[in-house]
Amino acid sequence: MWKNRKIDWLILGPYLALSIVGLLEIYSASSYRLLVAGSDPKSLFIRQFLFIILSWGVIVLTYSIRLQVLLKPRIIKAGLIVSGLLLAMMKLGIFAVTVNGAQRWVSIAGIQFQPSEIATIFLILYLSRFFRNDRSVPEKLHIPVLIVGGIAVLVLFQPKIAGALMILAIAGAIFWAAAIPIKKGLIIIGAAIASLILVAGLVLLLEKHHLLPSFFEHAYDRIAMVHNPFLDEHGAGYQMSNSYYALYNGGLFGRGMGNSITKKGYLPESETDFIFSVIAEEFGLIGALLVLFLLFLLCMRIFQKSTKQKNQQANLILIGVGTWILVQTSINIGSILGLIPMTGVPLPFVSYGGTSYLILSFAIGLALNISSRQVKEKNKQVERLQLKKPKLLNKNN
């Protein structure tokens, strides 16, 4: 089954290292809060550990199955339709779970997950198939544009502004890699930017007249706190200001594993959105930069592999997966550093969140499958050349 296939350790290695770091930091960041609340301090650690084991099984399965089976059109279309329906149903309150003023989660059979993450992976698969034949632009370009726009709007009104931007960024990268003509590309980009400006202007206008819908209020508060969270240190700027304290406390080498101060009630989302702050406090600037290096190495390796693909669909899948990890990392780190508003976007493979980790692991499995297939094709070419050599020698003799 794995004959002539070679695991790409520059993809798998950083993934495994980030998973282990994340698991240890989830325990460190959550144990004190759970202990004070009278819960098992290891409960989140155990839950994440189980999801990691399950996800590693998904990677093995995804790596083992033929790529053509994973990329069947019916599966891709069904996944896209189901995720779109779940996003729409959330606005109707069906299966929806509201957390911190936002309806981003769906709860089915006791399992909570974000449909936007499922939509993202199937959107990558759909777009890669749409542009699979060649690098020219198909005549029906309006179809993927409408699908991307529809999903982005549904995600935006959860509200999840960062999620909508991520979807647009991933789709934009795939469109660019598919070599869309400059004129059509500029029209698409212009329409996307104009739509975002229109939405932002509408939000500001509604806020001015105190008509802002409740589902956008928390997003507006986060935007207002970007420049100086210390103006409302105990209110809207509470998490951001304490994140700054954590970064400052860490210094160059950190306070040591488990010795974070801000995780003790000062940083409510310490094991999810702000886990990077806890890492920086416990392991210092050196440890934080190492985590970023692993994420950067993972992305760059995926992008590098995409440039070597002869198959257009495989190339675009790698572009989409690499962009997803890179943009999600940038948004998470950018919000922690105060460069952009707080977003609620987790750090890939490090933050607590079983289903998020599972879906991203499936994406890594696809990347490993494509990478190993490239090695297999090279081995076949070498075998053909070796078979031809004796024939050539016999002719010469």
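Backbone N, Cα and C define each Cβ position, glycine as well.
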Check: Arg5 and Gln312 same membrane side, Swiss-Prot record: yes
Spatial neighbours of the transmembrane segment (347-367) far in sequence, C-beta under 8 Å, 6+ residues away: 8, 11-12, 15, 18-19, 21-22, 25-26, 29-30, 44, 47-48, 50-52, 54-56, 58-63, 67, 70, 111-114, 117-118, 120-121, 124, 271-273, 275-276, 279, 291, 295, 302, 305, 317-318, 321-322, 324-325, 328-329, 332-333
Stretch among 7-27, 79-99, 105-125, 161-181 sharing the most Cβ pairs under 8 Å with the transmembrane segment (278-298): 7-27
Best-contacting stretch, by C-beta pairs under 8 Å, relative to the transmembrane segment (161-181) and drawn from 7-27, 79-99, 105-125: 105-125
